[in-house]
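**Q** According to TrEMBL, the protein has these features:
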| type | residues | note |
| --- | --- | --- |
| ACT_SITE | His421 | active site |
| ACT_SITE | Asp472 | active site |
| ACT_SITE | Glu481 | active site |
| DOMAIN | 41-494 | domain 'Glycoside hydrolase family 9' |
| SIGNAL | 1-34 | signal peptide |
Amino acid sequence: MARKALPSPTASPALPALAVLLLLLHHPLRPAAAAGGGHEYFDALHKSILFFEGQRSGELPPDQRVRWRRDSALHDGATAGVDLTGGYYDAGDNVKFGFPMAFTATLLSWSVIDFGRTMGPELRNAVKAVRWATDYLLKATAVPGVVYVQVGDAYSDHNCWERPEDMDTLRTVYRIDRAHPGSDVAGETAAALAAASIVFRSRDPGYSRLLLDRAVKVFAFADKYRGAYSGSLRRAVCPFYCDVNGYQDELLWGAAWLHKASRRRLYREYIMRNEVVLHAGDTINEFGWDNKHAGINVLISKEVLMGRADYFKSFKANADGFICSVLPGLSHPQVQYSPGGLIFKAGGSNMQHVTSLSFLLLAYSNYLSHANKAVHCGGTSASPALLRQLAKRQVDYILGDNPLGMSYMVGYGARYPQRIHHRASSLPSVRAHPARIGCKAGSRYFLSPDPNPNPLVGAVVGGPNVTDAFPDSRPFFQESEPTTYINAPLVGLLGYFSAHP
């Protein structure tokens, strides 16, 4: 399963900065596009959303399109006397981790909020993907003062290679409460519920009000009972989704989304009062399930650029600093570029950084465009057009414009990963093999050199290493495992480029 990729300050840049800048701006490496005359962004958008249906847990609906999946984990929560069925498996395993699931829901919602108008008929499916997550998050937060944050024992799960439909591993339920706080996961859950309330504001006003009301309560709990959830749940969540970065950023992130969703002065004042205390300007070139800093600054900066919130101008300064830290030619030592032009941060599942950081580049470019502004990085000026071009270059790399000429999205293009690290995809489907496949009986499929029998269309894998090399092999999970939080920001990117190729 893909995990937090910790920056490595000792890593040296893969290419001279000027060479990377020229590469990104002029696209000399276009083997996939040269063959097909460009990318079908709308097709990629369709597939990127379809992927989420392959990650569904619980009872599948009649309109389920990924037909090789079946109902699974129908008794989740029973041992704790609650209904925790539904939601998403985060990656290639069968555990439901609440922290990355909530982040996935937030980024799916942000994708719809900013780029839904360019998604065409796929907007309906994107909204369904949001709701599959928020329906579960509502269940997980139904008991006041409690958030259920995980279902399944990761060690038991990782000891097996079995289909979710056959699962017989421990479905232990983990929770945070007043005595065992988790401001990080609770803050992210509040952000997800608040962001989704905006998505459903006009589509389903009653559901939207329910989401916002729950977000308010979960945030109040997160703020009052402060602490990192890995403190009390260390064995369950570490090293899988351990909170490395601290819970402070999730409190600001939750407040920022509640402010956007509710327009209540309470949250504006909270953000202003806690900006320094909660370290808004820290680690500005990180954005992912564990670190929200760059996202906080970009999200809040929109109001500054719209001329509505000059009191938040320090967040815009931080957002500009984020842009300068990832700009080729000026980038921070912790942000590298591969010879093929891919953003690279040391650790596993690099594509999570590529899609999340690219999403912020695109979102900020749009905010800057509306305000007729640019970012000034020393003697260099980064225009909105340049930021869009940088984001598009990353998306094009994922879709096949790279030295291997390989799409890193399953089912897109002529060449894509065939042996992804994913239990359900790599084992025969229930339709093809109705008999149960036991815990260890699945090992032969894991070790097999054969392609996965069930293509998980739309899945984007962890991706190549810093030299653009990619082992299409299940045991190399850091490169070959897909995750929901890789795809969530990509939905927004593809939505935009579908209309602006």
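Heads up, the Cβ atoms here are built off N, Cα and C, so glycines get one too.
Note that this is a predicted model, so its numbers are computed, not measured.
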**Q** Can you give me the Cα-Cα distance between Asp472 (active site) and His421 (active site) in Å, rounded to a whole number?
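**A** Roughly 9 Å, rounded to the nearest whole number.
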**Q** Roughly how many Å lie between the Cα atoms of His421 (active site) and Glu481 (active site), rounded to a whole value?
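**A** Taking the Cα atoms only, His421 (active site) lies 5 Å from Glu481 (active site).
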**Q** For the domain 'Glycoside hydrolase family 9' (41-494), what's the mean pLDDT in this predicted model?
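**A** Mean pLDDT, the domain 'Glycoside hydrolase family 9' (41-494): 96.
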**Q** Look at each of the active-site residues, His421, Asp472, Glu481, and point out the one with the fewest other Cβ atoms around it within 10 Å.
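**A** Selected from the active-site residues His421, Asp472, Glu481 on minimum Cβ neighbours within 10 Å: Asp472.
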